[in-house]
Amino acid sequence: MTTTLPAYDEVVARYEPVIGLETHVELGTNTKMWCGCPTDFGGEPNTRVCPVCLGLPGSLPVANKAAIEATVRIGLALNCSIAQWCRFARKNYFYPDMPKNFQISQYDEPLCFDGYLDVEVNGELVRIGIERVHLEEDTGKTLHVGGATGRIHGATESLVDYNRAGIPLVEIVTKPIPGTGALAPEVARAYVTELRDVIRSLGVSDVRMEEGSLRCDVNTSLNLPGEEWGTRTETKNVNSLRSVERAVRSEMLRQAAVLGAGGRITQETRHFHEDTGDTTPGRSKETATDYRYFPEPDLVPLAPDPAWVAELKAALPELPRLHRRRLQEAWGLSDADMQSVLNAGAVELIEATVAAGATPAAARKWWLGELSRRANETGVELADIGATPAQVAELQGLVDAGKLNDKLARTVLEGVVTGEGSPTEIMTARGLEVVSDTGALTAAVDEAIAANPAIADKVRSGKVAAAGALVGAVMKTTRGQADAQTVRTLILERLGAQG
Amino acid sequence: MTDVTAMTATQIAGLVATGAASAVEVTQAHLDRIAAVDGRVNAFLHVDTEGALAAARDIDARRAAGEELGPLAGVPVAVKDVLTTKGVPTTVGSKILEGWRPPYDSTIVERLRAAGTVMLGKTNMDEFAMGSSTEYSAYGPSRNPWDTDRIPGGSGGGSAAALAAYEAPLAIGSDTGGSIRQPGAVTGTVGAKPTYGGTSRYGLVAFSSSLDTPGPCARTVLDAALLHAAIGGHDPRDSTSIPAPVPDVVAAAKLGATGDLSGVRLGIVTEFGGEGAEPGVMATFREAVDTLTKLGAEIVEISCPHFRYALPAYYLIAPSECSSNLARFDGVRFGLRTGDDGNRSLEEVMSLTREAGFGPEVKRRIMLGTYALSSGYYDAYYGQAQKVRTLITRDFTAAFERVDALISPTTPFVAFPLGARTSDPYQMYLADLFTIPSNLYGGPGISVPCGLSEGLPVGLQVMAPTMADDRMYRVAAALESAVGTFTPPAL
């Protein structure tokens with residue numbers, strides 16, 4: 001379809017978006033939800049399985065207490081009420097990656113419900129309502145072989161790996177979020193970012209979108225001001241924070257184009273494409289499966305002891321947002337500076353770099369400067385750029401020790417990012433260390449003075465600024481491997497001038 | 001040595017314990033009996049000759065080494081084909097699992113091994129335990145040793161027939177709506193459904209999860225109690241398993257065998273007062289009630305007004321759960337796969353597999369349950385049935401404030417001829433009219449032979465409160481001490 005999309009400004013001037021997010025988080029428990037199989041990512045297909053997670057006849061589930069605890073903690077961190085009594089339910093549908101052909105989930109009795117999460121967008125707090133937080137099991141993975149698309153249609157063979165089947169999965173559903181206007185894409189991204197940070201701070205999941213331990217579905221609709229909310233679409237395959245923002249924006253533009261042409265939005269699942277940044281239709285929800293939910297008879301109801309819940313609540317860590325406020329003060333940043341740190345996704349990276357010995361200013365300089373630039377250029381998350389906070393701190397240590405100057409440090413950092421090794425290793429291997437042998441440097445200085453007698457005279461006569469040209473000449477002969485400040489001092493000494 | 005196959009489990013265990021007979025001899029005698037008569041009875045779907053003899057040799061070796069063995073060591077047992085047995089075929093009476101050898105043992109089978117019993121093989125059953133005659137088995141019906149033209153009850157007809165034909169002294173059944181008790185009644189044997197959660201369902205191929213209860217079958221009440229004690233108790237692999245010890249059912253059976261029921265109050269359910277039951281069954285039951293009175297029991301009549309809704313409620317709850325439980329039989333991971341010729345889609349293969357693998361009664365119940373759970377009908381069917389279940393539980397609770405146990409005929413009719421009820425599902429469903437309430441409530445029930453009607457056995461059911469399984473054993477053992485056991489004509 002080659003419909004021309006309207007301009008974003010026009011879309012938000014005409015329509016009001018309502019968004020909603022459903023997030024799935026794989027818990028980092030040692031064992032699966034209903035059995036003792038390990039949960040580690042990877043592994044040869046179908047090696048982390050047993051009669052229970054393969055759904056063999058006669059097998060029965062037993063709930064993993066650690067997963068229930070993790071879910072309650074997530075609920076508490078999201079200001080939810082915790083159910084005093086609730087049940088698991090079966091969601092029935094046939095699909096080969098689901099061993100029992102039903103998923104044990106929760107239906108009308110979620111473990112946690114009615115909470116909120118405050119997120120900051122452009123320095124303003126936006127309160128996102130949380131509808132529910134519930135616990136369910138993950139499915140296996142299907143690999144379709146022989147088709148052009150890698151999807152089931154057209155495939156000649158399908159292979160299933162049940163290693164992931166039965167890993168505990170927490171689903172977090174927001175209430176509909178109206179009233180965000182042009183900021184809707186940013187609010188969506190800020191929410192998922194904040195949610196990820198909260199869950200990470202609880203230590204219950206590694207929440208890595210690229211490995212699928214954090215997955216996000218984005219609901220979007222548009223309506224004219226004063227009218228009822230529009231028909232929503234659900235966008236899947238949104239696999240990065242950046243994609244969350246892009247998916248909302250793309251879907252707003254698409255829907256506006258359809259509506260603008262007098263069309264009607266179909267309630268459907270859409271598939272987001274990372275490469276093109278747009279969405280294509282998936283299965284239509286209008287012919288949706290009837291899941292025939294009913295209470296799971298193989299499990300007893302959950303009735304969390306209120307005293308235990310109170311204990312968990314008291315032991316919650318500091319919320320990331322408050323933690324950031326504290327860091328901002330410690331780092332002495334303005335709101336605007338902190339916002340740019342946040343936008344770059346650099347808070348934890350800077351924090352870790354400072355913890356590894358760098359000053360806040362230096363840490364911020366590297367992460368927001370060189371590294372952010374590279375991340376933007378290559379389209380990866382800053383955290384996945386290839387440099388660790390420890391390496392950045394080590395690099396700054398070399399600068400502080402006078403072994404690298406700023407320019408050399410950038411070259412070394414490039415080596416770090418491309419995986420050549422640690423900063424010290426790269427500096428040594430590539431011979432990038434600052435020429436600090438004063439004998440060699442003095443010789444280079446003398447050479448530069450001899451080669452530029454007119455400039456040398458100017459400096460001798462007190463025109464200190466003219467020394468810059470001599471410094472440049474020395475840097476040239478040392479191929480940049482000298483410390484400019486040291487060179488300048490040496491020149492002024494040689495010429496008897498005062499810096 | 002006298003014929004060990006005619007002995008009770010208690011007697012056989014005594015022989016093995018004293019060394020008067022080896023477990024291998026006992027096992028071989030039963031294998032021989034199976035070889036001699038099972039062609040006419042069809043109680044077994046699979047006889048594990050090698051496994052049984054190996055287990056027996058192990059018991060003999062352990063006894064020879066002076067090891068302390070349990071009260072059932074060396075006693076052969078037949079296991080209903082609904083329980084998984086590691087490496088031994090488990091079909092649930094269905095074509096869809098033909099040839100499947102599970103990679104794991106059910107908890108019940110594990111405990112049978114731990115108790116030193118010797119598993120002879122797997123017994124016939126209605127497919128997925130849905131039926132009351134074994135006529136819905138995909139492998140042909142079992143036959144009643146009292147009259148091989150008649151049904152042995154179901155779904156656990158194979159286990160009951162094996163006992164009545166002296167092919168095994170002990171057997172395991174599973175009871176979802178009466179599948180242990182009704183076969184016991186029509187074969188003149190004893191069958192007990194424990195309290196739900198009192199025996200583990202781990203490895204029991206599910207029909208209806210909230211009702212399925214594995215339990216003991218035997219020819220005497222004491223043997224059933226010994227088997228119950230061996231297999232019962234908490235299992236951490238079954239979330240619905242009750243974390244409490246099994247009541248002392250063996251002591252209760254021994255107490256009952258003294259024939260004294262003074263101080264025991266028994267209730268006759270008004271709603272089971274003859275409607276739908278054969279006159280001969282009711283007459284035999286009333287004679288048994290007189291016997292119980294003579295033993296000292298006080299008999300009162302008790303109304304349980306909601307029992308009349310038990311059958312319809314059951315036929316919504318059980319099919320609903322079965323429609324979900326049986327979804328996993330799709331040809332993808334195990335069992336039958338049909339139509340996978342490289343040209344058909346996954347959905348087509350799943351559909352063809354289920355079409356070919358399930359029999360008509362299983363399909364009927366899957367369709368019933370799928371409908372009852374579907375959006376827009378849930379409240380009217382499944383939801384309403386759960387409310388009825390609560391009311392039936394209240395009837396039981398109220399009754400047990402007045403009496404120690406309830407009694408009734410186990411089933412409305414004696415063993416019927418093969419084919420008599422297969423054309424009308426409802427006529428078949430009526431076989432469980434008196435047994436279903438206990439399943440909906442979760443309490444224990446036992447069927448004990450109480451006499452003959454027209455030469456065929458009649459069972460009396462004793463229903464007790466949850467976790468008071470001992471009470472029913474006491475009453476059943478007392479009745480047994482007065483009326484004796486019943487032996488079918490020679491095969």
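Including glycine, each Cβ sits where the backbone N, Cα and C put it.
A TrEMBL annotation is a machine prediction, not a hand-curated record.
Here's what TrEMBL has on this protein:
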DOMAIN    B:25-471  domain 'Amidase'
ACT_SITE  B:Lys80  active site, charge relay system
ACT_SITE  B:Ser155  active site, charge relay system
ACT_SITE  B:Ser179  active site, acyl-ester intermediate
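Shown on the structure are the features that TrEMBL records.
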residue	record	CB count, 10 Å
B:Lys80	active site, charge relay system	33
B:Ser155	active site, charge relay system	35
B:Ser179	active site, acyl-ester intermediate	36
Distance check, please: Cα of B:Lys80 (active site, charge relay system) against Cα of B:Ser155 (active site, charge relay system), rounded to an integer number of angstrom. 9
DSSP three-state assignment (helix, strand or coil) for B:Ser155 (active site, charge relay system): coil
Cα-to-Cα gap, B:Ser155 (active site, charge relay system) vs B:Ser179 (active site, acyl-ester intermediate), nearest whole Å: 5
